[in-house]
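Worksheet for the structure shown next.
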Amino acid sequence: MLQTLYDYFWWERLWLPVNLTWADLEDRDGRVYAKASDLYITLPLALLFLIVRYFFELYVATPLAALLNIKEKTRLRAPPNATLEHFYLTSGKQPKQSGLSGRQVERWFRRRRNQDRPSLLKKFREASWRFTFYLIAFIAGMAVIVDKPWFYDMKKVWEGYPIQSTIPSQYWYYMIELSFYWSLLFSIASDVKRKDFKEQIIHHVATIILISFSWFANYIRAGTLIMALHDSSDYLLESAKMFNYAGWKNTCNNIFIIFAIVFIITRLVILPFWILHCTLVYPLELYPAFFGYYFFNSMMGVLQLLHIFWAYLILRMAHKFITGKELGGVARPETSGQGSTIRKTQFLRKRQFKKGWEEGCPLKKTSSAFNGPTATEQLLAFHTAHLIVVVPSKFCPSPDSSEEEEKGWCVAKTADNPGPWGY
């Protein structure tokens, strides 16, 4: 049974053009050809990558983070509560009454959610590792393909296909890239989970399948072009993340704009109109379509759909950066010495007020400030040396509290005007 499945899986008509067999790709006359067995080494290499990553984050990324004043933030832990913990793990991460006051339950869930959030240091270390790999991989990939004729003439990708021998630089480029994506798939459960978590899994799986197939089916020339094309923008994104975590907002925004431009050009222009055209059109001039042809281009289509999805998210963020509507709320200045201090004081905090006084609220009650509906948000923003508290205009102690009142907000307290808040 297993032997039959094995024979069907490696049937030449699936992976090779008509009238060709695996025997045609056996090493001879000093020429070496790609073989599926070559890929076995990628699994131990993936484990080696995980070990190297651990020591890199410990001895390189962590000292670099300390140099940039990025530190672990101490978070208050939620007190043990079996009922709430069970609900949190099984039903959802939103509050539910369980023998405690509504305020206690909300505080417990808030602290419990904070426990699961990755720290800034963890994010920085992960971005540093990926930046280092993608940058080295891009440089190495360009060194592998820049002197090859098919880098300049796409038709030469298929010259002599599939009887195309490999060279050591191509072998190691493939093995290292595939091993790295295996390591990303192995560590995805412990890495920072982002909004596109499912898309990342699909991307890693599709990439592993594409690299593996392109190796044993001898799509190596096209594969090296595709891998180098992807690495050309990834290191820019990771460097932008690093500067963002360090609080260097201006540098982060500028690099992100460059990344967006490179991503759009490489993933939405070069990839579909040059690379995909090369893999879809030129092979049919040599051989009739076969299963491997459809399989490879179908996986390329999956990657292209992911690129379109990510391009939409990237353009949306780039628009906010250009128009000044930064995602992080209050902009943090690009200074190394004062970055940590100012970062702690320039923050955005929302607090919900109910009618009248609630125990635990740090603001002192004033009759003019608390007459209003429930669930009204107050925005606290600290800017440079002046402490500014901005509140909805209907809560202003007096109609002339600020010139901003006509815009719906007023300044209730500054360094020179303490106001009635007592905070």
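Backbone N, Cα and C define each Cβ position, glycine as well.
According to TrEMBL, the features are:
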DOMAIN    122-323  domain 'TLC'
REGION    401-423  region 'Disordered'
TRANSMEM  45-68  transmembrane segment
TRANSMEM  131-151  transmembrane segment
TRANSMEM  171-189  transmembrane segment
TRANSMEM  201-220  transmembrane segment
TRANSMEM  255-282  transmembrane segment
TRANSMEM  294-315  transmembrane segment
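Below 8 angstroms of C-beta separation, residues 15-16, 25, 33-36, 38-39, 161-162, 164, 166, 170, 174, 177-178, 181-182, 184-185, 188, 226-227, 279, 292, 295-296, 299-300, 302-303, 306 of the same chain, each at least six residues beyond the ends of the transmembrane segment (201-220), sit close to that stretch.
Among residues of the same chain six or more beyond the transmembrane segment (45-68), those with a C-beta under 8 A of the stretch's C-beta atoms are 121, 124-126, 128-129, 132, 175-176, 179-180, 182-183, 186-187, 245-247, 336, 339. Using a cut-off of 8 Å between Cβ atoms, the transmembrane segment (171-189) and the transmembrane segment (255-282) share fewer than three residue pairs, counting only pairs 6 or more apart in sequence. The domain 'TLC' (122-323) scores a mean pLDDT of 91 in the predicted structure.
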